[in-house]
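Remarks on the structure that follows.
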Amino acid sequence: MGRRSSRRELFLCFSRASSSPGLLFCKMLGFLQHPVMVTAEVNLNMVALTAMGLLSRLWQLAYPRAVVFDEVYYGQYISFYMKRIFFLDGSGPPFGHMLLALGGYLGGFDGNFLWNRIGAEYSSNVPVWSLRLLPALSGALSVPMAYEIVRELGFSHCAATGAALLVLIENALITQSRLMLLESVLIFFNLLAVLSYLKFSNSQKHRPFSPRWWFWLVLTGVACSCAVGTGLGPPSPGWGDVPSVLWQVRVLCHLLARAAALVVLPILVYLLFFYIHLLLLYRSGPHDQIMSSAFQASLEGGLARVTQGQPLEVAFGSQVTLKNVFGQPVPCWLHSHQSTYPMIYENGRGSSHQQQVTCYPFKDVNNWWIVKDPGRHQLVVNNPPRPVRHGDVVQLLVHGMTTRLLNTHDVAAPLSPHAQEVSCYVDYNISMPPQNLWRLDIVNRESDTDVWKTILSEVRFVHVNTSAILKLSGVPLPDWGFRQLEVVGEKLFRGYHESTVWNVEEHRYGRSQEQKERELELHSPTQVDISRNLSFMARFSELQWRMLTVRSDDSEHKYSSTPLDWVMLDTNIAYWLHPRTSAQIHLLGNVVIWASASLATLAYALLFVWYLLRRRRRVCDLPEDCWLRWVLAGALCAGGWAVNYLPFFLMEKTLFLYHYLPALTFQILLLPVVLEHVSDHLAPCTHSVWSCWVGCKTAKKRQGRAGSSRPRQGPVLLRGRWWTQPGPLLLT
Amino acid sequence: MLCATSRLLAARAASALPAHPRGRGPVPRSRRRELHFPGHPELPPGDLLAGRFAGPSVSTGRRAILRRGRMPPAAGGGLAGSELRPRRGRCGSQAARAAGRDVATETATARSPKRPAPPSSRRFEAAGRWALLALVTLTSFATRFHRLDQPPHICWDETHFGKMGSYYINRTFFFDVHPPLGKMLIGLAGYLSGYDGTFLFQKPGDNYEHHSYMGMRGFCAFLGSMLIPLAYLTVLELSRSLPAALLTAALLTFDTGCLTLSQYILLDPILMFFIMAAMLSMVKYNSCANRPFSAPWWFWLSLTGVNLAGALGVKFVGLFIILQVGWNTLSDLWHLFGDLSLSMVTLGKHLTARILCLIVLPLALYIATYAVHFMVLNKSGPGDGFFSSAFQARLSGNNLHNASIPEHLAYGSVITVKNLRMAIGYLHSHRHFYPEGVGARQQQVTTYLHKDYNNLWIIKKHNSNSDPLDPSHPVEFVRHGDIIRLEHKETSRNLHSHYHEAPLTRKHYQVTGYGINGSGDSNDFWRIEVINRKFGNRIKVLRSRIRLIHLVTGCVLGSSGKVLPKWGWEQLEVTCTPYLKETLSSIWNVEDHINPKLPNISLEVLQPSFPEIMLESHLVMIRGNNGLKPKDNEFTSKPWHWPINFQGLRFSGVNDTDFRVYLLGNPVIWWLNLLSIALYVLSASIFAVAVQRGVHLPVKVEGLSQVLLRGGGQLLFGWMMHYFPFFLMGRVLYFHHYFPAMLFSSMLTGLLWDTLLRLCAWSLASYPLARCVHVLGILTLLLGTAYSFYLFHPLAYGMVGPLAQDPRSPMAGLRWLESWDF
């Protein structure tokens, strides 16, 4: 809404006047002498568009009062936020989730709802309306923003209105905005970033370093990081004009301002999201296992409850559980039990027949090990405790329950024959001597005399005789090994890999000399006392790293699709189906808009190449400013489309039609731009065609609404969609 | 014919270049010659530091100095020859060179009176140049062929590529994820050197015994040695500076990694040879750009095409050099397009020439290698199972070869049904039930990889149980869209599915055998559909890709590829998937077909045509490549490890007593390369900024900056093209994938240090001192690399004895990184 007031003139007058107090006073008097005038210009186009956007997105928002498609996925995170339980979602940074949760917070949601199935009715404590409000609002505001972007690109009101109308009536966008989903938020921030960048670069021409200039510059940066924080929608405003700025002393100021607003600020905002995220979520929850022990210990409950009050420094005689740092395929602890390796494996190889050592993904009393000093027989901690340091040779790890020593020798491991078998030594009197000395190698030490610390130290165990390294191979053993994971002595590879690194998770000083007492001691829980906290940056970097590396199981899905299906709308998603009346919601685009937007992109590319080649031969079809406008529109809209679309070809995760919506929005913006260009420069007679298009779109609106809001009785068959949809639309 | 046209084109082109005065005096250079150092007629005397091509016309003053000039002994190998002429008078940088050969002679006569340099001196210089090239080549051959026969056992991937060479000699069909050219060449080399293909190449470490393996190793070592002269010539062409080229050659000769990789039966030396040859011919043809359509221009252009075909024919990573050449060609055309003096007809000719030489020619050669490949391999072998049934019918020894079966499916036919995905096998059932708790207790249905009576099924109509083979019934063909029943021949149960979850894939439905003597219920009905065919069409044996859709639940018969536990005899699970995606695992084809009422036809009719074979083998290769995924917990090499020489590859031997060869770059050279890239980016951006700001550089520096920006830019681009795409790859990566990129980065190093030293020297006022600095710098670098090679050579030539931790080891103290494993 372009509203200009005389206040700005006042402001100017103040700023000019502030240099001398006398002048200022004089001006004040002038202000008293004249009446206060406020003139306002209201662009009714924009008002109407915004109103229509709000109407289409907000009307009957709480219908259906049931879990619709991916609400089942995002809903659980909202509940986690409400209950302050830590979670990890590999699909993207947490800003979008937090926005959804904000809706829940405003609506007074207590988080008590079981998000387990699509179509489940919401209970009365779920504020459906306010949960869906923020995505709907951002969807609605995208409409006037589309208008503004096309205006700022320098095209006519007609084109701008066209673009906004197209965004308004695109039924896929409507459907997606009306539910607790993140795409509309992502689109909103994408558009905001583009818009503020355009405003910024337009004000650059007139008055650099004015407040307005700063405002839009900063907003660009913030919107970029919001877009990245929502999903991985890469922001498109580029560095295009930076080199073209005049080479003057002021260049440095320009560079600095841009660096601050477009690099430093977004990074800070991004960090802020995580800060809030970690601040909000302080309780342990179901995703703890993925994180490192140190991270888990920093959450309330869970591991922290177990590890509080543990002694920090591991000493000779300590009882410990050892967790593998790699955590793939599952997080697990070094484990042993009474069973031995089978004498002969299925493939005919022999084993040492000694006690099995495995990695076990559950807490168990058999995960306890005792760190023993090779020189002494005692299994208790001295007073004062003698800490274990980097480089110490420990007769590592007597297994707590069976009091056997961890051992490895030149026998091939059961499933990874290139590595050595690891066992707990059993003396069969067959001239196979025990080789149970291990040297401690603290990987993340600060000095060579560093002490082995609980949770914090990451250690490797290097076998003294064969210099093999204790390693989790991650292969599940057959039935004789109870499907636990294989642990081997790796002798070929001596570089760093996380699967060779272990850390102490639970720890206590051993007090009891007798085996019976010790077993009792091992079974008893550790006591509770202090907590250890990680710094924010450490937690942030770990969380970020896990987010990027966490692997989602590639489940096939009935409605998953490939990026190629999206352009021609060869796919749809059934979002919701009423169990009795068969009313349903489908995510389905308006095929006319999709096809014409794709055609527009194609036409743009062809025209662009044509003009470019002609210009190269010094034939200028377009005036210079028109050409620049044409290039900028293409760079932002076609570029935005490409940047939001092409990376999906490289992704290996399951993809759905809604992933295309951000790209589609940019493509839609390009359509009126191309049409106006064609009508202005190529064929003046195409005006009639243009009006035809708009009429056509409005006719389509009826269909667009059908899918999203109005329930239909009985099975729905959208007539006229048969030409792209091979599968049956009919759901029974 | 071609020659005639080219001459015609050349003549036309010459007439279309009005701006070129032919060979008289200093001339303005044409704009689009991007790649070489624009020599300046008024070069100051300081230009003498080491040989650099003279400008098109040498002023008398300069010529006088030329005679004084001597190469620094180390750099020039003790040979005079500071002045390098364009080789054989062609492809020089002179704009004055005319286009056609006839014109060239005219030019030569025109110029000769202006060139008073005595012919003996010129011959001497030329001889020096050739001698230097010969020296470089000789050193390279000497290092590569030294101890080539050691170790006399299989090292690392020799077990694959040697085996594949043997397959070519034995003509047995096999499957590999790489295109065939490299292995064909290895096979050819083996064949010519008297290897009979009888060695099994079972596993690394096996002794070759009496088998002749030196031919194959020698061939790879020959190509590996050729890399160095190629790199030498490329850098010479780009920088016009002998020391730069010499430095490059030294870096590559003394790199233990390149050396190791060249000494074994591997695809890499062949691939790198083609990459470097393509690069050299591209650079050469860029130098000829001022004389388009001349004979050398055509020669280098088509040679580029040939080498591109070679690179792509060895490994798919050859695509990167194709992209580089493509980019170069595009920018070249863009410049030509902007030259308003050229008519559209000339531009059309340029475009056509490039399409012919860089697209049509390589494509034809590439296809030709496949034609040879399929022609040579005509016996059934280990690769059969990867290909479709129709393809297998080509191979002698395969049971489908020369078989004859009825062509169209009819009711009553006995068939086997094969899944289209690799290594899934035939639809199978047997007299065993699913165990308690796994869906309904009905007969198991699985897929099975081997031929067996239990793979046979009978097609029946869904609504009648009468015997269709009764001679009184007319033959009725099965058509696309028919509702059928599949009866298992041995147990007479019907293929059946229902709403029970499948044993392993919980989201799918269970598939069972059901009914007694062929009578079951409506859950036995399947609709048979042919992919991409119209309704009512008949179904062809082998060729038709069919889907079976369960009528009641609407799901599709498929195999999940998961192995069933013991109760299922470790065969693969068959499910009915409710997801209607067209994936290969739910597509089947009919392989065996028995129907006495139908006439048999020979399978030859169904054999795929050559384009279909090409397409299929590419699909299989791409799938195979994508299938090479790293397993959990496997130590895999990451692309960021490579340039820092983080970790090598063990070629042979583990223990103290073994003969150990370890593929690891010479750390001195690799880290120098890494430093050079950083330095290059820094200095190039300084120059770029200076140019952008319109700073007037002195003539000499201007020239150097052009070498740096254009020549160096191409090399840096090559490095990036051969390195960065690996970050996007999902497949298993190995250290040796970096070596093509390493060649480019070594060339960049050579060019950069020479240029930097010249700049240093230029900034010093005094001429002898400047010369000293340059000579000393180059000498230090040369000697330094040579010395580091002396230190690290046991890595490549093999070592026996204690490991590097032991002070008695020859490598003691050289394990600079803990991750090195020798």
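Glycine too: its Cβ is placed from the backbone N, Cα and C atoms.
For reference, TrEMBL has these:
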- A:311-374: domain 'MIR' (DOMAIN)
- A:385-443: domain 'MIR' (DOMAIN)
- A:447-507: domain 'MIR' (DOMAIN)
- A:154-174: transmembrane segment (TRANSMEM)
- A:180-201: transmembrane segment (TRANSMEM)
- A:213-235: transmembrane segment (TRANSMEM)
- A:255-282: transmembrane segment (TRANSMEM)
- A:587-612: transmembrane segment (TRANSMEM)
- A:627-648: transmembrane segment (TRANSMEM)
- A:655-675: transmembrane segment (TRANSMEM)
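Using the rule of three or more Cβ pairs under 8 Å, pairs at least 6 apart in sequence, the transmembrane segment (A:655-675) is not in contact with the transmembrane segment (A:255-282). Proximity of the transmembrane segment (A:587-612) to the transmembrane segment (A:255-282) is not established, fewer than 3 Cβ-Cβ distances being under 8 Å for residue pairs spaced 6 or more apart. Residues 69-71, 74-75, 78, 92, 96-97, 99-100, 103, 131-132, 134-136, 138-139, 141-142, 145-146, 148-149, 152-153, 173, 212-213, 216-217, 219-220, 223-224, 226-227, 230-231, 233, 235-237, 241, 636, 640, 644, 658-659, 661-662, 665-666 of the same chain, all 6+ positions outside the transmembrane segment (A:180-201), place their C-beta atoms under 8 angstroms from a C-beta of that stretch.
As a summary of secondary structure, the domain 'MIR' (A:385-443) carries 0 helix, 27 strand, 32 coil according to DSSP. Mean model confidence for the domain 'MIR' (A:311-374) is a pLDDT of 83. As a summary of secondary structure, the domain 'MIR' (A:311-374) carries 3 helix, 30 strand, 31 coil according to DSSP.
Helix first, then strand, then coil: DSSP counts for the domain 'MIR' (A:447-507) stand at 6 helix, 27 strand, 28 coil.
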